[in-house]
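What TrEMBL annotates here:
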- B:128-418: domain 'NADH:quinone oxidoreductase/Mrp antiporter transmembrane' (DOMAIN)
- B:6-23: transmembrane segment (TRANSMEM)
- B:64-87: transmembrane segment (TRANSMEM)
- B:108-125: transmembrane segment (TRANSMEM)
- B:131-150: transmembrane segment (TRANSMEM)
- B:162-184: transmembrane segment (TRANSMEM)
- B:214-235: transmembrane segment (TRANSMEM)
- B:247-266: transmembrane segment (TRANSMEM)
- B:278-299: transmembrane segment (TRANSMEM)
- B:319-340: transmembrane segment (TRANSMEM)
- B:379-404: transmembrane segment (TRANSMEM)
- B:411-431: transmembrane segment (TRANSMEM)
- B:451-469: transmembrane segment (TRANSMEM)
Amino acid sequence: MQIPLSLQFINLLAALLLLIAFAMLTQRRILSLINLFALQGFVLAISTFVVAYSTSQHHLYYSAGLTLLLKVLLLPWLLHRLIRKLNVRWDVETMINIPTTMLVGIALVIFSFNLAAPISQLAEGITRGLIGIALASVLLSLLMMLTRRKAVSQVVAFLSLENGLFFAATSATQGMPLVVELGIALDVLVATFIFGIFFFQIRETFDSLDITHMEKLKDD
Amino acid sequence: MIDSQLLALLLIPLSGGLLLAVFGSRSWAAELNSLMSFGTFVASVVLTMRIIDSGPQVAFGEEFFIDQFNVFLVALTAFVAFTTSLFSRPYMRIEQHHGKLSIGMLHLYYSMYQMFTFAMLVALTTNNMGIVWVAMEAATLTTVLLVSLYRTPASLEAAWKYFILCGVGIALALFGTILLYFAAERLLGQGGTALLWTHLNQVKSGLEPTVLKLAFVFLLVGYGTKVGLVPLHSWLPDAHAEGPTPVSAVLSGLLLNVALCAVVRSKVLVDGSLGTHFAGNLMMGFGLLSVVVASLSLFRQKDIKRMFAYSSIEHMGLITFAFGMGGPVATFAGLLHMTVHSLTKSAIFFAVGHAVQKVGTQQMENIRGLMQVSPTVGWGLALGTFAILGMPPFGVFSSEFLIITTAMHEYPWATPILLVALGIAFAAIFGKIQPVVFGETTAKRLPHPPALIPVFAHLLLVLMLGLYMPPYLADWYRQAAALLG
């Protein structure tokens with residue numbers, strides 16, 4: 001069976017997304033992490049655009065535009081500004097055990113492919129089988145959140161988690177209703193602003209953006 | 001008609017939030033906050049009467065849906081939000097007097113308080129499962145800066161944990177929502193209607209079971225994080241202990257309920273699709289685990305607000321367990337327990353708030369003899385504790401009794417676990433609160449008279465629900481329980 005060109009292209013982009021998720025998992029430099037996040041958003045916007053074109057779902061053009069605006073331009077710009085103001089632009093995170101993290105990541109990918117297999121069977125149309133990849137990138141972002149110790153990289157992980165979810169929405173369902181997507185975009189934007197406020201509060205209080213300082217609250 | 005009633009309910013807190021964003025630092029901001037909350041409460045009463053009279057309704061082109069189940073939560077939310085605003089008026093002034101809060105912080109607090117009410121009411125009344133998600137996330141966003149209001153290291157840590165954990169949890173719930181939409185799209189087609197709960201409810205038996213199963217797991221874990229179900233509860237005690245007490249009261253009394261409402265709505269769909277007890281079993285498991293872990297944690301607590309936060313986890317676990325069992329009696333008991341827990345727990349937090357202000361610490365070993373210095377605060381805390389521990393004649397006793405007797409019939413193996421956990425919780429809380437209330441005093445006078453009317457109003461209601469439930473109220477609960485099946 002001949003696979004249509006658009007589907008091949010979307011599959012390629014999905015693979016790229018997964019690759020970027022792995023790259024983010026192991027990236028130590030905060031600046032490069034933010035650039036990777038912007039790249040992820042860009043790939044996401046293109047894939048949304050391709051889905052929109054090949055299924056002629058007009059509202060997906062809007063979400064592709066929204067993604068481009070929010071996740072490729074606005075949020076990375078905000079983050080760049082933040083790390084410049086906070087003077088953590090050149091920070092390098094010390095991470096232990098990158099190989100182990102990678103292995104756990106691979107295990108997560110296998111797990112999500114298995115979990116999504118019965119659902120992928122049901123999917124029709126061009127985007128069949130991409131749910132596994134979407135779930136994998138969601139779980140990889142979760143893993144990244146767990147392994148990071150800097151507030152900024154945790155936030156980037158949080159935002160890339162949202163990217164994975166957005167990919168799930170476009171690939172599995174060809175886009176949620178527009179009102180829901182707008183609501184989600186608004187929430188993400190507000191969340192980023194609040195994160196920004198937090199960075200300053202945390203820095204002011206702890207003299208550092210290292211969240212290892214924030215493990216004092218215990219039950220006793 | 002219904003449109004305008006709903007519009008009033010949602011517009012009053014929204015405009016309150018905007019007004020207070022402008023005027024929040026004026027000297028009458030606290031009064032404006034209470035006034036707006038009162039307006040919301042009146043609107044909720046009007047809406048409730050309407051729904052009780054004429055049954056479930058949709059509004060605004062089906063974007064909103066109100067039935068006996070969520071209107072009951074709307075009324076409860078609006079009522080507790082109103083009484084909490086009454087409590088917070090003197091409470092926040094005393095905090096300001098003690099130098100803990102600045103005008104700017106109060107400004108933020110008043111504005112966000114109204115926005116939080118608005119987000120919760122949207123989450124409750126919307127018919128769109130996607131908007132439920134958006135509103136739940138908005139409720140987190142509005143409260144996260146309130147948890148860190150004091151800007152102490154501990155409060156910042158608590159707020160960060162709250163933000164990150166609830167953010168992750170709610171992201172998983174979004175994945176569940178996407179899966180739900182994926183299943184629904186095949187039946188209802190593209191576009192707006194495929195996420196509307198009323199439409200989903202009509203076609204639920206045709207929804208693909210494998211997808212729905214997975215969707216429910218994600219929805220339960222996601223919204224369950226906000227309910228405070230173990231093992232995703234670790235944000236809850238921190239946020240309750242470090243945030244200002246009015247925020248603890250509304251988080252514990254209201255937000256947890258709203259999140260649970262989203263879980264219950266999803267359960268109805270999943271039950272219809274699967275035809276098995278899968279969703280119920282999961283909820284019972286998580287509920288039971290929460291009850292057990294929370295009651296075992298109670299002994300280790302030294303901070304009074306933290307202890308009552310764990311007690312909230314325990315009670316939310318119990319309610320989740322009751323909804324998980326399903327059936328008219330257990331669901332009835334779950335709804336009743338939601339009501340009495342909200343009222344009692346917020347009353348306890350009001351009393352605790354003033355007690356902490358008197359002694360200047362949240363460590364229970366330093367709070368002694370409240371009865372001597374302020375009999376009203378002491379009695380409020382003592383009676384509230386009795387009520388929350390399920391002593392008759394308070395309403396908590398009736399609902400716990402119903403839950404446990406139903407469990408005896410349906411799931412006998414769970415009964416001893418529940419009884420032992422409740423017993424442990426009783427011993428832990430009673431043992432710690434007894435010297436706090438009685439014993440030699442260390443407290444001093446407050447610069448403003450404390451707000452105690454809300455405490456006793458709540459406890460009186462809980463007492464009433466325990467002694468005598470008016471037939472129309474019982475009817476209302478029964479109808480709501482019937483809707484949930």
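Positions of Cβ are set from backbone N, Cα and C atoms, glycine also.
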Paired segments the transmembrane segment (B:108-125) and the transmembrane segment (B:247-266) in contact, 3+ CB pairs under 8 A: yes
Interface present between the transmembrane segment (B:64-87) and the transmembrane segment (B:379-404) (three or more C-beta pairs under 8 A): no
Close approaches to the transmembrane segment (B:6-23) from elsewhere in its chain (Cβ under 8 angstroms; 6 or more beyond its ends): 29, 32-33, 36-37, 39-40, 43-44, 46-47, 59-60, 64, 66, 74, 78, 107, 110-115, 117-118, 121-122, 125
Long-range environment of the transmembrane segment (B:64-87) - Cβ separation under 8 angstroms, sequence gap at least 6: 2, 6, 9, 30, 33-34, 36-38, 40-41, 43-45, 47-48, 51-52, 55-58, 113, 117, 120-121, 124-127, 196-198, 246, 249-250, 253-254, 257-258, 261, 264, 335, 338-339, 342-343, 346, 350, 353, 451, 453-455, 457-458, 476-477, 479-480, 483-484
Considering the transmembrane segment (B:131-150), which listed stretch of B:247-266, B:278-299, B:319-340 counts the most C-beta pairs under 8 Å: B:247-266
